[in-house]
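Reviewing the structure listed below.
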Amino acid sequence: MYPSPQLPLASLAAKVGGRVRLAPTRETSFISVVTTWSWVALVIATLYQGIFFPSLPNFIAIGCTIVAWALFTTVFFKPAMLANYPLSTFLVLGFTTTQLYFPLLFTSLESKPVIYNLDLPYQVFLHSSLALITLVLSHALYRLLLQQTPNSSPWILIKLDFFKAPTELQLWLMGLIGIAATFYVFLYSPSIGWEVTGAASDKAVQALMPFSYAPFFLPFGELYGSKKPFTKRIVYLLVAYTLLLFLVSIGRNSRGGFMIGFSSVGFAYSLGLLLGVFKPNFFTMKNFFIALGAYWLFTGPIADIGTSMVIVRGQRHDVTSSELISQTFEVFGDKEAIKQFRIHDVEENEAGEWDESYLKNIFLARFCNIKFNDASLVQAEKIREYDPAMLKFSTDYIWATFPQPVLDAFGLNDVDKVFLKGVSVGDYLYYVAGGPPEALGGYRTGHFAGTGMATFGWWYLLILGVGMIPVFTLFDKFFIKFNSAASKANAIGFQFSLCGMIALDNIFRFLPSESVINIAVFLLRDWIQLALLYFVVYHFTRILSLVIPGATPPKSMKHAIG
């Protein structure tokens, strides 16, 4: 029996703004179809790996993947679980796929063994498997605690209008605010984007950048309670907006800048399909050619653009944004230079002590790079467990989350925020393991397995499990679900907050983090910042939309069902 708010449908609808979504029953069959085809893909990849890359480490990795996927689909990939805990389930899905399922599929697509370039394949898949088991147990305890809570509805968020659907104009205004913040941070005053400290006002502007992706959720209004129909006019505007965001991303030399837009669309649509909001009518000839075109874009031009951005990255502090865009497209036209760079990059990584190469395609690598796990474990083996330097760094890293006046009040004068925020956890692990001081500030991507073993030993799994319980809770607060007492049996009403939708990419990639201490940083700062900024931006754009000539207020502001 899953907990749900004990409130009549009409009453809750009035509180969230009059929008109720009655979930259809087709999600059950769609989830079954996805589960079946996921196993078909897994079997094909397994056979391919077994035939062309027969080795004991590869077989062990494949076995871990099969067990992990069986565990996930059995526990999480169920209609009841998705209908009650969609965002926390989405988080676990992100970890399972990026660390176990996708590596097997994507390496097969690139004709590589799943253990390609791994120095410690047994340890990598052992830690990933144990982490998944920890997440399963943590989520079970989270559900148990939720059942013991009399009223687990996010009443504060409801009263603060987090579940009132923004209008189309508001989403465009949010997007423009995000792009304006990006222009200010990286193009007008670029020192803000690269410096770890600075004025509070500048950092507040920088925090607005993720809102540039808000318009991408216009096609998925049903998820967050919008009644606005999706028209061709919006499609054309989104295409133009995507091109603008694409150029801005190149100007700031950020591959993630445009990748997040694409992934956000995919994640929102996938979530809607799994919940039965959208009809899975994509097995058509038209959609086949669209999918074929998308595959060509991501594996061809977009991948080449991403590599071109890496090639010219060394110039981003020395030339203007327009020059950087020009140089990027100039390199993009030189396919031989891109090819040679990729070959040289792999050789250079293999020759160094910190190697992050795993997949060739940069878009696939964003969602599947277990070499980060391997590299961190390699460095962790060079130092002892419970390393004092790593423990102090981790403790100070958490303290650095607080403003300087708070640190001064507690007498923590030795916490160097400039240093701590100027390096990654992977950097410091590499340095402690014997890397040169010049390595600090290189922003190597660590993994909680290696950094956890070096700092806490196997206790890092306990810290992970306990810490994830409030994380699951906070993410699921951006979703309301309620039984309908006023409609047909077994119908449910549900709605996401747009705040949670904007964070979909971050939720999916929340794990693996660089260290389990990032969980504390999220609880102490990141979630609060996300909610606070959304509250401010939502109400600012609502007021702004009311004073724009021709704009109409959202219907939910005029009346409510009840």
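All positions are counted from 1 along the displayed chain.
Keep in mind that glycine also has a Cβ here, set from the backbone N, Cα and C atoms.
Taken verbatim from TrEMBL:
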TRANSMEM  29-53  transmembrane segment
TRANSMEM  59-77  transmembrane segment
TRANSMEM  84-104  transmembrane segment
TRANSMEM  124-146  transmembrane segment
TRANSMEM  167-187  transmembrane segment
TRANSMEM  234-251  transmembrane segment
TRANSMEM  257-277  transmembrane segment
TRANSMEM  289-312  transmembrane segment
TRANSMEM  458-480  transmembrane segment
TRANSMEM  492-511  transmembrane segment
TRANSMEM  531-551  transmembrane segment
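Ranked by Cβ pairs under 8 Å to the transmembrane segment (167-187), the stretches 84-104, 234-251, 289-312, 458-480, 531-551 are led by 531-551. Three or more CB pairs closer than 8 A are found between the transmembrane segment (29-53) and the transmembrane segment (84-104), so contact between the two stretches is assigned (pairs 6 or more residues apart). Long-range contacts of the transmembrane segment (124-146) within the same chain, counting only residues at least 6 positions beyond its ends with a Cβ under 8 Å from a Cβ of the stretch, are 2-3, 60-61, 64-65, 67-68, 71-72, 75-76, 85, 88-89, 92, 95-96, 99-100, 118, 152, 370, 373-374, 377, 448-449, 461, 464-466, 468-469, 472-473, 511-512. By the Cβ criterion (under 8 Å, sequence separation of 6 or more), the transmembrane segment (458-480) is not in contact with the transmembrane segment (59-77), since fewer than 3 such pairs are found.
Of the ranges 59-77, 84-104, 257-277, 531-551, the one with the most Cβ pairs under 8 Å to the transmembrane segment (234-251) is 257-277.
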